[in-house]
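Novice: So that we are looking at the same thing, I have put the structure below in structure tokens.
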Amino acid sequence: MSNPYPKPPKYPTPQSLPGRLHTLSADQEIKFKQTWAYLLKYYGYPIDFPDEDVQYKECFVASTITQMYDNENGMASTALGRSNTRNSVNSSNSRSTVGSKKLKLGGMFGKKKEVEEKAAPVESARLRKIQTQSSMERYNQVTQPDPKIMAIYSNYYKQTFEHSRWYDDSLDDDTYDDGDNLSLERFVTASTSLTDYGEVYPTGSKAGNGNGNGHGYNGNGNGYNGNNGYSNSGSSTSVHHKNLFPLFSEYDPKTLHKTTFNCVSVDHIDNLLLRFVRARKWDIEKAIGMMSKTLQWRATEYPAYDWTLEGDSTSYVNGSCPGLTKNFTTSKCYLRGTDKEGHPIFIFKAKKHLIGDSPLADTQRFAVLTIEWTKLLLQENIDGVDQCTVFFDLSGFSLKNADYGAIKFLAEIFEAHYPETLGFILIHNAPWIFSTVWNIVKNWLDPVVASKIRFTKDYKDLTKFIEPHYIPDYLGGQDNFNAPYPIPTEKHTVPPRRPDGEFARLMKERDDLFVQFIETTQRWVESVNPEVSSKYLQDKMKLGTDLIWNYRQLDKYIRNPGMYDRNGTLIMEIPRNY
């Protein structure tokens, strides 16, 4: 079967969608830097930034490229990036250092609202650093994993290949070219530990901005002297800073850390986080709270990652989850084509859904698995599309098809756990009896989700959203695809490729990319020079894209072929120059 998702030149590019990494305004970048500062501190990664200054926006510096984006798009900035000269810190035109100020947020994402924010005190160590060291900061690209960050990533969080379910030391004997990848063994030691606030690392395990490794603004490793673990001595304190937000104390960093990195497949890691930030209108604490709840949900309630790796084949072949299988074999839904904005379309034939076919838990698993598969279809780094459209065909609908439990579950997870995922929700050809259902369902919908809904009644209405060649022929369109379920066999209960030397190379490359991403993010947050910050921001863009391509190559080793792999809809391994 030919790929129904050809590269669409008319769709949005990664540079055209607001609030993504490529299109951040200066103010939004500052907010995003704050978000990462809180997360790095919570996870215990070294960052040369006083705890007490993270809450103040003027303690961060916007990149030149985000300030240019503001200018090119006629956006008014609050001048958060004007800090590249010594005098700018004390300039009344660039920032206030006493009292408070009001900031307007949400202009591109909803109604503007004024949020009163406190200004940093004049004695702020971070402001003084911006004032005195901006002109001295030099860009130093991260080209190899930092030993200290790798030690935390590997030994404390046990996130590396050697700690994974797939590790087999015999793979190291297989022949492959490891290129520039460095052996993890030289980075990790059995002594690495990380605990809550106040516990000390072994000597030398804290890598501040410039602590003797050339990362510093002037190469001398000067950090913030005093408490909170910022010093230029050989021994440093580095901890989980759970006190920054009350919500941090509710979660285990190990659980959230593991789940965070498991989420990264074809999403750029920054854009994955930005979904939550946009959903909470750039309120950092609310965004981090929302993301933390989702990570906990995925780790302890609905293991979406494991379900995605297993797919539908095992259940069908072994009979382990009959309700899940029933949801597929009825051929009531399928992914097919795109709407006019390039969003992949999920078509659901409501008349084929019967409540008694599946227990609610199995239907919920079916829903989560389908969403995860749909996300794998998204190619944001290629065509800029990072949302999907859900098309509910209500032709022939009756009350026996009204599964309130499933509908409520979908309403909840699209709002709480899959934010900014929906392009449109098309409700087509709803009969009069649906009004009874709608009067109940509409009360469960988040306003943002509700704003995506469009009611259509005929073919002409559908053509406003979907080209004729992707509208099913039974609805007047040209697509005669009848959505048969591709029956899985025993061979589909395992990934297509067995682990080999290339698999080991890709896994180690992934570890290196994640650690380089963490350190690059650290330097981007710490940067006090707009030009230098721009270079680290561009590095983050590239590293996130490298992780996407790495996953595309890894997928065949770790994920069982699902329904859409078997029918040719989902093609993971595509040329990088596609």
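Cβ from N, Cα, C; glycine included.
Nobody curates TrEMBL annotations by hand; they come from automatic prediction.
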Novice: Can you identify, from 76-99, 196-219, the stretch that TrEMBL calls region 'Disordered'?
Specialist: 76-99
Novice: Out of 1-20, 221-240, let me know the one TrEMBL marks region 'Disordered'.
Specialist: 1-20
Novice: Could you give me three numbers for the domain 'CRAL-TRIO' (335-483), the DSSP helix, strand and coil residue counts?
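Specialist: Its residues fall into 69 helix, 29 strand, 51 coil.
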